[in-house]
Structures are given as structure tokens and as C-alpha cells.
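Copied over from Swiss-Prot:
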- 83, 182: heme b b562 binding site (BINDING)
- 97, 196: heme b b566 binding site (BINDING)
- 201: ubiquinone binding site (BINDING)
- 33-53: transmembrane segment (TRANSMEM)
- 77-98: transmembrane segment (TRANSMEM)
- 113-133: transmembrane segment (TRANSMEM)
- 178-198: transmembrane segment (TRANSMEM)
- 226-246: transmembrane segment (TRANSMEM)
- 288-308: transmembrane segment (TRANSMEM)
- 320-340: transmembrane segment (TRANSMEM)
- 347-367: transmembrane segment (TRANSMEM)
């Protein structure tokens, strides 16, 4: 058995990635989220495949086909809610994974970090297009509002929006192409995740201390396979609790109303995992400025490695940076809350303040605090 594992070309690859992989002996539970993201992706692909068997991507039947899945298909309701809430779990793991990378300085692995940013954008695009498919009120108006943002691009904006729509409004052509893209993108995400892992295994994992762990490595199996299994059980427990007890907790009631282009919902808002970016978008009165701020709020991650002025890699021994980090987390929670509120005072002011604080912490305060800590440590 050992010989097959170490000699067969395919088994050898799996062995080097998941069995005999040398891993740092001190990585904490924050390192579980990479494998949990893999699990989430598998859940989404499997449930999505079964949903696609019964879904109809036509404007006249899309809403009815989702209703049919929930009412008439065997266990269709659980497949549908696993898929919808699986997306929420996916983003919880994704944000935690990025947060871990920021806290412990994993962004110094440049290729891995940059592939991760591409993955984030791809997952966000996939989730957005998936939200349009049930063709409820929020699906239709969410698609209209978000795609319309591209019209802010000078000269070519309007043409670009109509090209994406496949007409002069969000209609049958839009729904059909969104379904096609929503189906193919998860497989592209899986391929990107493999490239992400490939680059990670070139350098080896980071660890909480941020210093090289070459002198103290342990095999991935059985130590971290068991640890990842525990994480997977807890994730599945949370997901099934959500699906079986309150499946609509994170959804919008407006999406149970079939799409009607003649009736605008009072508050158009995306799913909760996009609310922080939506709040930043709304906090700027100018359309182009808002779109630039929205893109910058995520693209700013690409600047993090270049803004890292600290001599120490991890924040583990840097209390001032830790304070700023948790302020940033609190700020993102505030933005998420504001994104779901109506556009009126005091929410407008809170949103604008939180948006300024977000960019201020990342672009100015963090690098300055790093330099101050270097000085305090006489480095």
C-alpha cells in the first residue's frame, strides 16, 4: 500500500499534498478554513448540480421551477436551502480565511495571496449571478441595480451594460446567460483553488508566530486530517441547523414575490455578504466615485503586502496592530449593518464615517502603526 501511495503518479500527488505534507506543528484552528472552503465548494457544486436538473432558465418559468423544486421534487427543499445557506457558510469561511491571512501576515506569499484575491472576485461574481436565478423581486432588481453600476464607466458604460443584459433591460437573455455563467464558474473556482494550493505548497504554510517552521514540521496526516475533520463536522452542524430550523433567516422575503419590472421594492439590497461593499458604494453621492470605492474596497487587499512596513510578519506580538485590526473588523460589521438599512439619516452619516475609517485604517494607520512598533522594539 505504501509503495502505491508513494510511486503511483496520481497517488503520489495526493500523498505530497494531503498525507506526507510537512506542516508546522503550531498552526491553530484559524488554519482550518482553507479545507472548510473546499468542503463548501463541494457542497455547492453537488447541490447546484441537482438543482440545475430541475431549474428552468426562462423568465416565464424560472420562479415556478424553484417553487416546483421545493414542493414536488424529492428532498428538493433541503437541496435548495443547503445551496442558498451553503453560500452564506462559504462567505463566512472566506472572510475568516482572509482575516486570518491579514492577522498572521500570510499575504507575504505573494502568488498565493494574489490567486486568493482572484478567487474572491470569482466567488463574488458567482454568488451574485446565483442570486438572480430564482427570479424573485430582489433577484430582478438586484441584477438591474448592480449591472447598471457599469454604466458609470465613461464613454463605453451604457454599451457595456446593454451587452451584459443582451438587450435594453434585464430580461430572458440576461437570465439565460447568468445561469450559464453560474454553472461554469464553480469549476473555474475549483481549478483556481488547485493553483492556490500549488503556490502554497511551494513555500509551505505560515504559522501563528510568523517565523520559519522548517525546524519543526509534522506530517499532515493524521494530525491535521483529524483536525480538519472536526472543523468539517462543526461546519456541517451549523449549516444543517440553519437549513432545518430557520432556512430563510439570511434571505429576503421580497424574493418570494415573482419578479415584476413595473414594481420596485422599497429597499433594494443584496445578500448579507455583499452589504459591506454596498454600504461603501452608497456612501459616495457620485455614481462613478461610488463604483470606484466599491471596487477599491476589495482590490485594496492587493496593496496589503506593499503596505506591510513591520519587521515582524505576524501580529501575534504586536498589540497596537492588533487593536487596529479589531477596529477594522468592527468597522466591517458596522458597514454590513448599514448596507441593510434604508438611505436616510443617521444611517447615511454612519455609513460615510465607517467607509472613511475603513480606508484610513488600511492605507494610513496600519503602515504608520507598523513603523511605530518597529521603533518601540528598537528595530
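Including glycine, each Cβ sits where the backbone N, Cα and C put it.
Mapped onto this structure are the features recorded in Swiss-Prot.
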residue: 83; record: heme b b562 binding site; DSSP class: helix
residue: 97; record: heme b b566 binding site; DSSP class: helix
residue: 182; record: heme b b562 binding site; DSSP class: helix
residue: 196; record: heme b b566 binding site; DSSP class: helix
residue: 201; record: ubiquinone binding site; DSSP class: helix
Looking at 33-53, 113-133, 178-198, 288-308, which one has the highest count of Cβ pairs under 8 angstroms to the transmembrane segment (77-98)? 33-53
When you look at the transmembrane segment (113-133) alongside the transmembrane segment (288-308), do they share 3+ Cβ pairs under 8 Å, ignoring any pair fewer than 6 residues apart in sequence? yes
Feature contact check the transmembrane segment (113-133) with the transmembrane segment (226-246), CB under 8 Å, 3 or more pairs: no
Chain-internal residues near residue 196 (heme b b566 binding site), provided their CB is under 8 angstroms and they sit 6+ positions away: 112, 115, 116, 119
Say you check the Cα of residue 201 (ubiquinone binding site) against those of the binding-site residues 83, 97, 182; which is nearest? 97
Distance, residue 97 (heme b b566 binding site) to residue 83 (heme b b562 binding site) (CA atoms, angstrom): 21
Roughly how many Å separate the Cα of residue 182 (heme b b562 binding site) from that of residue 97 (heme b b566 binding site), to the nearest whole number? 23
The transmembrane segment (33-53): which same-chain residues, six or more beyond its ends, come within Cβ distance under 8 Å? 69, 79-80, 82-83, 86-87, 89-90, 93-94, 96-97, 100, 182-183, 186-187, 189-190, 193, 228, 231-232, 235, 239
Given a Cβ distance threshold of under 8 angstroms, which distant residues of the chain, six or more beyond its ends, lie next to the transmembrane segment (347-367)? 279-280, 282-284, 293, 296-297, 300, 303-304, 307-309, 321, 324, 327-328, 331-332, 334-335, 338-339, 341
Near residue 97 (heme b b566 binding site), which residues of its own chain have a C-beta under 8 A away, given they sit six or more steps off in sequence? 33, 34, 37
Using a 10 Å radius on the Cβ of residue 182 (heme b b562 binding site), the other Cβ atoms enclosed count 21
Entry from the binding-site residues list 83, 201 having the most other CB atoms no farther than 10 A: 83
